Amino acid sequence: MTVELSVNLNAIAMLRNRRDLPWPSVTGIGRIALQAGAHGLTVHPRPDQRHIRFSDLPAIRALIDEEFPQAEFNIEGYPTPEFLALVAAARPEQVTLVPDDPAQPTSDHGWDFVADGAMLRPVVDELKSGGARVSLFADADPVQMSAAADTGCDRIELYTGPYGGTHSDPDAAKAEIERLGATADAAIGFGLGVNAGHDLTVENLPPLVARIPALAEVSIGHGLTADSLEHGMAETVRRFRRACGQAV
Ligand SMILES: CC(=O)[C@@H](O)[C@H](O)COP(=O)(O)O
Ligand SMILES: NCC(=O)COP(=O)(O)O
């Protein structure tokens, strides 16, 4: 199975928002990423619009529809009525629901599928009936996968932040990979697809992909954007695609 790369544009938008100027262009950089073979684009429109602005969503939708119809749009966020309205208008191929509080500096945990299942089930149903694939953000915890499947979601997205934090500790990295792998095995056993994301890099992707051969998609923004400052966006997308095991 090919591990697809979805490029997260949050950091590009964060840089753009530093000034009242239209560059760097979120759609312009997204175009370069798709031209270089990224499978799709990911955004996380947070309530304070600190990076991705609500107005970015129709522009990204139009870019994909008009120039890259085979690509996917993945929108992440907490399922407030405002977020669900943005999703209904943008018609993304995938929605990734995360349990983020608006005050969080970034996403740093997955759902408690036992406690949150009753809330998630109707939201998942609504999004799926609108035609989206639904992925739910998940910590590395195999025990939670039965309850995750009970939400009716299509996929989980493994939160790989703790793994990303082991960049200088090989033993801790191996332990995190095994926790992630065991969670993926459990999810697949319940018929779920598996995505992954947060703090993934060219260096830490290959061992994760080797442990989870059924991994469907990784969404990457921070590390990929950092590398693009050195290698350029097109070459960086190719480097990350190779790190996913794609023949580039
Ligand atoms: C869900 C996740 O881990 C990331 O995709 C998230 O979008 C990061 O958000 P920030 O870019 O705001 O840190
Ligand atoms: N879902 C993870 C994502 O889209 C990007 O996370 P990061 O690479 O910016 O940490």
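Using N, Cα and C of the backbone, Cβ positions are placed for all residues, glycine too.
TrEMBL annotations: computationally assigned, not manually curated.
Site annotation for 1-deoxy-D-xylulose 5-phosphate in TrEMBL covers ARG46, HIS51, and the matching candidate from THR2, THR27, THR96, THR106 is THR106. Neighbour list (HIS222 (3-amino-2-oxopropyl phosphate binding site), Cβ cut-off 8 Å, at least 6 residues apart, same chain): ASN8, ASN10, ALA11, ASP199.
Summarising the 3-amino-2-oxopropyl phosphate site geometry, the residues cited as binding it (ASN8, ARG19, ASP199, GLY221, HIS222) extend over a maximum Cα to Cα distance of 26 Å. Less than 6 Å separates the Cβ from ligand 2 in the case of ASN8, HIS198, ASP199, GLY221, HIS222, drawn from the recorded positions ASN8, THR106, HIS198, ASP199, GLY221, HIS222 in sequence order. Of the residues the record lists as binding 1-deoxy-D-xylulose 5-phosphate, namely ARG46, HIS51, THR106, the two whose Cα atoms sit farthest apart are 11 Å from each other. On a Cα basis, HIS198 (active site, proton donor) lies 16 Å away from ARG46 (1-deoxy-D-xylulose 5-phosphate binding site).
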